[in-house]
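Notes for the one structure printed next.
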Amino acid sequence: MTDVLLSGTDLRKSFGATPALDGASMTVRRGEIVAVMGPSGSGKSTLLHCLAGIVAPESGAVVFQGRELSAMSDRERSALRRGEFGFVFQFGQLVPELSLVENVALPLRLSGVRRKTAESTAREWMGRLEVDGIADKRPGEVSGGQGQRVAVARALVTGPKVIFADEPTGALDSLNGEQVMRLLVSTAKETGASIVLVTHEPRVAAYSDREVVVRDGKTRQVELVP
Amino acid sequence: MSIGHALLGLLETGPRHGYDLKRVYDEHFGHDRPLAYGQVYSTLSRLLRNGLVEESGVEPGGGPERKRYAITDAGVTDVTEWLVTPESPQIYLQSALYTKVVLALMSGRSAEDVLDAQRVAHLKAMRELTARKRDGDLADQLICDHALFHLEADLRWLELTTARLSDLGKQVAS
Amino acid sequence: MRAWLNDLAIGVRLAVGGGRTSLARFVLSTVGVGIAVAVLLLASSVGPVLDARDQRTYANLPDATPAAGVAPTHYARETSEFGEKRVNVIYLLGEGPTSPKPPGIATLPGEDEMYVSPALAALLGDPANTLLRERFPQRIVGTLSDTVVEKPTALLLYTGAGPQGREAPLTAYAFGIPHLEPEPMDPGLLLLLLLGTVALLVPVFIFLASSTRIAGAERDRRLSALRLVGSDSGQVRRIAAAETLVGALAGLLLGGALFLLGREMADDVELMNVSVYPADIVPTWWLAVLVLLAVPVLAVLTAQFALRRTIIEPLGVVRHSKPVRRRLVWRVAVVALGVVLLVWHGGVDANSQLWSYSIATGATLILLGVPILLPYLVEHTVSRLRGGPSSWQLAIRRLQLDSGTSARVVGGVATVLAGAVALQAVLLTQAGAFSVPDDHRVPSDVTMTVFAGPEVAEEAERIVKNAEGTLAVSSVQSFSVQFSAGESSQSLIVADCDTVRSVYAVDDCVDGQVFSPHYMTPEADGFLPGRTVRVVDYDGGSEPKVLAEWTYPASTRRLPPATIDRFDVGGLLATPGALPDLPGGYPTIRVQLDPAVPQAAEHVRNALQSLRWRAWSSLDNAPVLSQSQREYLTIRRGLLVGSVFTLLLGGISLLVLALEHIRERRRPLAILAASGVPTGALARSLLWQIAIPIALGVAVAVPAGIGLATLITNLSADLLRVDWPGVAIMTAAAAALGLLVSLLTLPFLRSATRLDALRTE
């Protein structure tokens, strides 16, 4: 298979006695949107965490652009999360103390970009996600949908290659969820970023190009009927 | 769905030619099944007979296709009544999907396989609808969402059934 | 380097200006650190305050070393009591225009003039004190400035001595003597002082550490969100460091401001006979620098220590791993080391200063053991608790999840308690060693002793007899007896049988008898019948003047113990017939005051004032103390003041903790309230959450304190005395503190459980 950007092979991970991943594998190609589906507790999120280098699997390998994540130092993995990856979670990923524009600028600032530059880039992205009007508010002062769009802006601000989205619409109503998905997918397509989209909602998964099903910690690769 | 009511509703925004009506109807509601001309005219003549529409003029050139129709007061009342009368919820007790799953289980085949196959098909349809929705106008979005929610409901039911059945399987096995 | 600054900037940004919640957090930690800093600065000012006081005291002392070409100033001093207050009166007479003057005085005052200290000026100006004004009717020609008066409340008076001044006991050729290097402190006292300092400062540091760890859970969440966005562990550490640093620095500023403010108010405060000039309250520079450095460093270190787990788990938000079980081993090791230091003092010479330091280190370790053991104890106790009413269950479950914070803060209070129990037991035991009379004085305002020089003895007796308020007067003479030159001496009091009968209730007194108090065994001290001893008079000088030789009589009678308490003889008591003829010794006149006359004592003193420095009086309830005894009392007073302060500080930190707890758990509390849990149950659960750690704290502190006291008193082979009611009172105070804090949090709980609290994100 050509153009594989990120792959996880035979990943295993357990929390205490309960196995969360029990031999899961998946690949993500460049520019591709892959939905990870499955019932609650099936290991979807853990799979995403492993692929993103947040959680180290007990066995198996995660390879991003030819480099194995487990061989990297914490510093390198952090740099990867900062520069090459973007994250949109269900909630809680925005820092409540910072204004929204500061939140979006955060990954840039952590990489050492000057405040002014970082914030003007952040404002640009917020414009693309139609939330530039609330840039100076704090996360507690805006609606859930607005917050999620800000989170999307933050995930995109560094021009990442992969965006990890874990139930990005989970806390939203249908309309807001649709809006967030539409903006996430269209901006990702424009920038050529891949998306790993964990969801249990088929409607959200329908935004993907392909789906991977996780059940009891195992992935079931389902080939498309031609 | 009643085509008559739909045409009346469209005429409420202003008099139209029969051809016009077909075009607007197709645009909004006819994604899967465009109306045939014959259907339009037979419906219009029924509405005419019942006094719900009237002819409001003929374009030069003659012929039935150049006639303009307008809604009458009785027609407006009729549309209003139709809109506020709730649709009886459709209850799918006889769907093919249900039959398949039950048969798969009864015959000892894997319900998961049925599910996965169905998911692929459903998601494929949903993807197409989603793509159409992304590029379409509000009306497109509404109709696609309607279909999407129904498809999603199917899938969710399948997921739930499978989860229940695998639990049942475990119970039997233990 | 720029990247570092960048990280620090993000941390600073997170600490300040982050909306209401982060503002509340910032204020709480700033106030906490501020109070601790103010206390530390105050503690580091104690040395300079004492130094400044000494300096002024020494500058005022006359230098009797003759200097050529200086016409000396005659100098006599007298302490005149007025009620509970003591006025230092100094009489001066210059021989010529060049005669030296004490600091702060422009010209030597005449007999009808006086310079007074500000406090005395105020006292004289008070219309309620007309008797004092009558005693000192001289014209006030000047008020002494702060720079020459020992302390703000000091009552000091300079007046002219007149021609009589030539007989004054001292002749000054200059004022101000070099600051004598203080003698090394008695090791016992030093130990007491070190122990007290440790007991008082350990809680301050605990408080400091817990203040910088306020809202730990919130901070962990925030930092793991940062981790997620891709900050590496180093960056997160730096950001967290900058964040706490901001609080610590703001706390330093606030602490400095509080310190300066408190300093200004020091003028008006007199606490347990201690008063201080604001200008004197200047921290020792190196201690101040130490505080300035230690506070931020400590803040950053605690923050880093608290980060241990967040670093490993960037998804702290998502998955709560079970908290690490606390380990017992190192905690016990600290205490054990302390015990070892106390039991085996490493061959260090007992009662040397080094010994004191080694003991103090051991004691410090044992006291530190209290806050170190407490979290372990709380954790293991609550993990075993089950059942109970729902408020109890809520509290227990909460403590099971996170007992660290409350245990840490309660640790501060428990340390104060342990320190106080230990100190108090050691104090009580040492009180025996220093044999300080009990503080509860016998209310014998009715007898007064007047001392007068031999030349004015008769006059004094006459004056006192005629004074208003005098009921009866009896007189005894004081001498000393010595076996041979250079040997120590014993006191000898000569009184006639009338006095012996009336004062000592010896009804069958016959002239020629000798008496001894019950606590003295004359034979054991060498007073054997027929032995020849010398009766001497010290007369203020160091070389005694031999007045007569005396053959010790064959028998000595015993004075009834009950009467000694009223008028101690301090040695032998002889009737004149038992002794050879003696020139007038130092007479002691005992005055019985008339309880019917208000301020009888003041009238007698006023009458005696005409004799000026040649006679002085003291009410018999005022004990005369030695230097060590005075030091001991000063230390005891200081420790008590400090304990009150620290306990208060502990209370404040408990309050801060409780408020922080409510703030952090606003939403769960609101949900509980919304689902019908009565506020009362929530309040009780908060109370339990404070009460359980406090109860355990007391359970650790009291044995620790008593154990420590036992170990220390064992060293000096004293018998341990524990003031159980005192322990009970302190324990009750700690419990009351917990209850009070819970009560104070109630309004905040109410506002947190209003249903609109649910709305906030």
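Each Cβ is built from the backbone N, Cα and C atoms, and glycine gets one as well.
Marked as transmembrane segment by TrEMBL: C:23-43 (among others).
Annotation source TrEMBL lists transmembrane segment at C:189-209 (among others).
Under DSSP, residues within the domain 'ABC3 transporter permease C-terminal' (C:199-310) fall into helix, strand and coil as 91 helix, 2 strand, 19 coil. The domain 'ABC3 transporter permease C-terminal' feature in TrEMBL is assigned to C:199-310 (among others).
Under the heading transmembrane segment, TrEMBL lists C:245-265 (among others). Away from its own ends, the transmembrane segment (C:245-265) comes close to residues 11-12, 15-16, 26, 29-38, 40-42, 211-212, 278, 281, 292, 295-296, 298-300 of its chain (Cβ-Cβ under 8 Å, at least six residues beyond either end).
Sequence annotations record features per position, and here TrEMBL assigns transmembrane segment to C:285-307 (among others). Long-range contacts of the transmembrane segment (C:285-307) within the same chain, counting only residues at least 6 positions beyond its ends with a Cβ under 8 Å from a Cβ of the stretch, are 33, 36-37, 40-41, 44, 47, 205, 208-209, 212-213, 216, 219, 223, 236-237, 240-241, 243-245, 247-249, 251-252, 255.
If you look up TrEMBL, you'll see C:328-348 (among others) marked as transmembrane segment.
Outside the transmembrane segment (C:354-378), and at least 6 residues removed from its termini, the chain residues within Cβ reach (under 8 Å) are 187-188, 190-191, 194-195, 198-199, 202, 206, 326-328, 331-332, 334-335, 337-342, 345-346, 348, 399, 403-404, 406-408, 410-412, 414-415, 418-419, 422, 692-693, 696-697, 699-701, 704, 707-708, 711-712, 715. TrEMBL lists C:354-378 (among others) with the feature transmembrane segment.
Under the heading transmembrane segment, TrEMBL lists C:638-657 (among others).
Residues or ranges marked as domain 'ABC3 transporter permease C-terminal' by TrEMBL: C:642-752 (among others).
Residues or ranges marked as transmembrane segment by TrEMBL: C:694-715 (among others).
Look at TrEMBL and you will find C:727-749 (among others) tagged as transmembrane segment.
Under DSSP, residues within the domain 'ABC3 transporter permease C-terminal' (C:642-752) fall into helix, strand and coil as 98 helix, 0 strand, 13 coil. Only residues 6 or more beyond the boundaries of the transmembrane segment (C:694-715), in the same chain, are considered here, and those with a CB under 8 A from a CB of the stretch are 191, 195, 339, 342-343, 345, 350, 359, 362-363, 366-367, 369-370, 373-374, 377-378, 381, 410-411, 413-415, 417-426, 429, 722, 727, 731, 734-735, 737-738. A mean pLDDT of 78 is what the model gives for the domain 'ABC3 transporter permease C-terminal' (C:199-310).
Beyond the ends of the transmembrane segment (C:189-209), by six or more residues, the same chain brings 32-33, 35-37, 39-40, 43, 295, 298-299, 302, 353, 356-357, 359-360, 363-364, 367-368, 371, 408-409, 411-413, 415-416, 418-420, 422-423, 426-427, 430, 628, 631-632, 635, 638-639, 642-643, 645-646, 649-650, 652-653, 712 to within a C-beta distance below 8 angstroms of the stretch. Sequence-distant contacts of the transmembrane segment (C:727-749) (same chain, at least 6 residues past either end, Cβ-Cβ under 8 Å): 413-414, 416-417, 420-421, 424, 647, 650-651, 654-655, 658-659, 662-663, 669, 679, 682-683, 686-687, 690-691, 694-695, 697-698, 701-702, 705-706.
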